[in-house]
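Student: Below, the features straight out of Swiss-Prot:
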- 10, 11, 12, 60, 61, 62, 65, 66, 67, 68, 69, 140: 4-CDP-2-C-methyl-D-erythritol 2-phosphate binding site (BINDING)
- 10, 12, 46: divalent metal cation binding site (BINDING)
- 38: site 'Transition state stabilizer' (SITE)
- 135: site 'Transition state stabilizer' (SITE)
């Protein structure tokens, strides 16, 4: 058995914008805040993607999706995750579990926790996903996610 651990982290600033939405784990969330990001700014999928890349020793998402590349403007983060999953598939690695923590102050995670979990299970095929939430004391105009992934293979 070959066991791999990957860790990922992402954060984005928020600015006030009435009747806006952010994406968390591929789920659109209505809010009065807007993410400042080049892609769709999904901190959950970005942290997960980096953790997946870590399991394969493939670097980080910035190596594959340059933030200065205009073709990545508004990019759906599911595209990023799917690219990372294809890299991992070459190593025949399979998920054991995904454990992540979302840090946010004004965006309430609890009402959408199970929707995020379900989305991640569907996107990754992993049936052991844990989503935790913590409030940010400061800065309040930021959202972040930390993610740890455990994978294994019998090669």
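The backbone N, Cα and C atoms fix where each Cβ goes, glycine too.
Keep in mind that this is a model prediction, so the values were computed, not measured.
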Student: With every protein chain in view, how many other Cβ atoms are within 10 Å of the Cβ of residue 38 (site 'Transition state stabilizer')?
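Tutor: For residue 38 (site 'Transition state stabilizer'), the count of other Cβ atoms within 10 Å is 16.
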Student: Using the recorded divalent metal cation site (10, 12, 46) as reference, state which further residues of the same chain have their Cβ within 8 Å of the centre of those residues' Cβ atoms, listed in sequence order.
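Tutor: These residues sit around the divalent metal cation site: 11, 37, 41, 42, 43, 47, 144, 145.
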Student: Using residue 10 (4-CDP-2-C-methyl-D-erythritol 2-phosphate binding site) as the reference point, find which of the recorded positions 38, 46, 135 has the shortest Cα-to-Cα distance to it.
Tutor: 46
Student: Rounded to the nearest angstrom, how far is the Cα of residue 38 (site 'Transition state stabilizer') from the Cα of residue 67 (4-CDP-2-C-methyl-D-erythritol 2-phosphate binding site)?
Tutor: 6
Student: Going by C-alpha distance, which of the binding-site residues 12, 46, 61, 65 is nearest to residue 135 (site 'Transition state stabilizer')?
Tutor: 12
Student: Would you mind reading off the Cα separation of residue 38 (site 'Transition state stabilizer') from residue 12 (4-CDP-2-C-methyl-D-erythritol 2-phosphate binding site), to the nearest angstrom?
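Tutor: Answer for this pair: 10 Å between alpha carbons.
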Student: For residue 46 (divalent metal cation binding site), find which of the binding-site residues 61, 65, 69 come within 10 Å, Cα to Cα.
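Tutor: Near residue 46 (divalent metal cation binding site), where near means Cα within 10 Å, the binding-site residues are 61.
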Student: Pick out which of the binding-site residues 12, 46 has the most other Cβ atoms within 10 Å of its own Cβ.
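Tutor: Sorting the candidates by Cβ neighbours within 10 Å, the top entry is 46.
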Student: DSSP three-state call for residue 46 (divalent metal cation binding site): helix, strand or coil?
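Tutor: Going by the DSSP assignment, residue 46 (divalent metal cation binding site) falls within a helical segment, counted as helix.
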Student: Provide the number of Cβ atoms within 10 Å of the Cβ of residue 135 (site 'Transition state stabilizer'), excluding the reference atom itself.
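Tutor: 11, counting other Cβ atoms within 10 Å of residue 135 (site 'Transition state stabilizer').
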